[in-house]
Amino acid sequence: MKQLTILGSTGSIGCSTLDVVRHNPDSFRVIALVAGKNVARMAEQCLEFSPRYAVMDDTSSAEQLKIMLQQHGSRTEVLSGQQAACEMAALDEVGHVMAAIVGAAGLLPTLAAIRAGKTILLANKESLVTCGRLFMDEVKRSNARLLPVDSEHNAIFQSLPQSIQHNLGYADLEQNGVTSILLTGSGGPFRETPMCDLAAMTPDQACRHPNWSMGRKVSVDSATMMNKGLEYIEARWLFNASARQMEVLIHPQSVIHSMVRYQDGSVLAQLGEPDMRTPIAHTMAWPNRVTSGAQPLDFCKLSALTFSAPDYQRYPCLKLAMEAFEQGQAATTALNAANEITVAAFLAQQIRFTDIAGLNLAVLERMDLQEPASVEDVLQVDAIAREVARKQVIRLSR
C-alpha cells in the first residue's frame with residue numbers, strides 16, 4: 001500500500017486525488033493533508049480519510065479545524081504553517097507526495113519532498129517554472145523521482161520510451177529517437193471570440209472552460225494561454241527539450257492530451273476524456289495502473305479532431321512565456337509572479353482581460369533579471385515582481 005501526503009488537498013487536484021484514493025482503498029493510504037484556509041472541506045476530508053496529520057495555512061484556520069474535528073471524535077493531529085507543510089512532505093512513512101499547492105506557496109514543501117527522496121507527483125507548475133534547474137539538480141542529488149500530473153506532461157511522459165521516463169530531465173531526446181514534443185491546448189473559451197471583443201470579457205466568461213473543470217485562476221490562464229506557456233517552460237525542463245524540439249498546437253476537443261514525434265515518422269499520443277483523475281491515477285500507481293473513476297473514451301461519439309497553430313496576437317501571454325524561458329529563470333519567475341497578481345486583479349474586476357499580457361510584459365521590462373542561485377533568490381525575485389505588478393495594476397486601474 002502506498003502512503004501519501006497531499007499538498008493542496010482542498011483544491012481541484014487535491015479533491016481529484018482523494019477521489020482516486022476513494023476508488024482504490026486497498027492501494028493507497030492518506031497520511032497527511034495540507035491545505036490553505038478551506039476549513040469546511042478539510043474537515044470533510046479528515047473525517048472521510050482519517051489522515052494522521054492535517055495542516056492549515058494559518059493558526060486561525062487550524063484552530064477552527066481542530067474544534068470541528070474534536071466535535072466528531074477525530075484523532076487527526078492539526079498543525080499550521082509552512083514549516084509544518086514541509087515536514088509533512090518529508091515524513092519517513094510517506095513514499096509519495098502529491099504537490100498540488102497552487103503558486104509560489106508550493107515551492108518549499110515540494111523542495112522538502114525532493115530533498116527527502118520522495119516520489120513527487122508534480123501538479124505545481126511553479127516548481128519548474130521558477131526553479132527548474134535548481135529542482136532538477138536536487139532531484140538527481142536526492143535520488144527523488146518526479147512524475148508529471150499535468151494532463152499534457154503526463155501524456156508526453158506516457159508517450160516517451162522507458163529510458164527517458166527513468167532519467168527525466170537529463171535524458172537526450174535525440175539519442176532516444178525522439179524528434180519533438182507536441183504540446184496541445186484547447187485555446188480556451190475565447191478561441192473564436194472576435195479580437196475586438198476580448199477587452200470586454202468578464203471573469204465569469206473566462207472561467208467557463210469548454211472542456212476542463214478547473215479553479216478560477218487556472219481557468220483564466222487557459223483563456224490567455226499563459227497556462228500553456230507555463231507548461232511549455234515545464235516541458236523544457238522535464239524532458240530536457242530544446243526550443244526546436246517543442247511544438248505547440250491548438251486542439252479544441254482536448255481529446256489528444258499531447259504527443260511525441262519520433263525519428264522514424266511515428267507519432268505516439270495519449271488520448272482520454274478530459275478528466276484529471278486519469279493522469280493523477282497514472283502517477284499514483286506508476287508503473288502499474290489502477291481505476292481512476294474517469295469515463296472511458298467513446299470513439300464512436302467523437303467528432304473530428306482538429307489542430308491549428310496558435311495565434312500569438314490572440315495569445316500574447318503564450319509568446320511571452322516562450323521568450324522568458326530563453327531569458328532565464330529570473331524572467332520565468334518574474335513572469336509567473338506578475339501573472340498571479342494580474343490574474344487576481346482581473347478576477348477582482350480591477351483590470352480588463354486584455355490588460356493581463358501588457359502588465360506582465362511591463363513587469364518583465366522593469367525588472368533587473370539576475371539569475372537566481374538558490375530558492376531564496378527565486379523567492380526574492382518573486383516578491384519583487386509581485387510588488388512591481390501591484391504598482392502597475394494600481395497605476396492602470398486609477
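The backbone N, Cα and C atoms fix where each Cβ goes, glycine too.
Since this is a predicted model, take the numbers as computed values, not measurements.
Same-site candidate for NADPH binding, as annotated by Swiss-Prot with Thr10, Gly11, Ser12, Ile13, Gly36, Lys37, Asn38, Asn124, Glu126, chosen from Gly188, Gly215, Gly229: Gly215. Mn(2+) is bound by Asp150, Glu152 in Swiss-Prot, and the record lists one more residue there from Glu63, Glu77, Glu231, Glu247, which is Glu231. With a 10 A radius on its CB, Gly36 (NADPH binding site) counts 19 other CB atoms from all the protein chains. Counting only same-chain residues six or more apart in sequence, the Cβ atoms lying under 8 angstroms from the Cβ of Thr10 (NADPH binding site) belong to Ala35, Gly36, Asn38, Arg41, Met42, Gln45. Listed in sequence order, the residues Lys125, Pro148, Ser151, His153, Asn154, Leu183, Asn227, Lys228, Glu234, Ala235, Ser258 complete the 8 Å Cβ shell around the Mn(2+) site centroid, once Asp150, Glu152, Glu231 themselves are left out.
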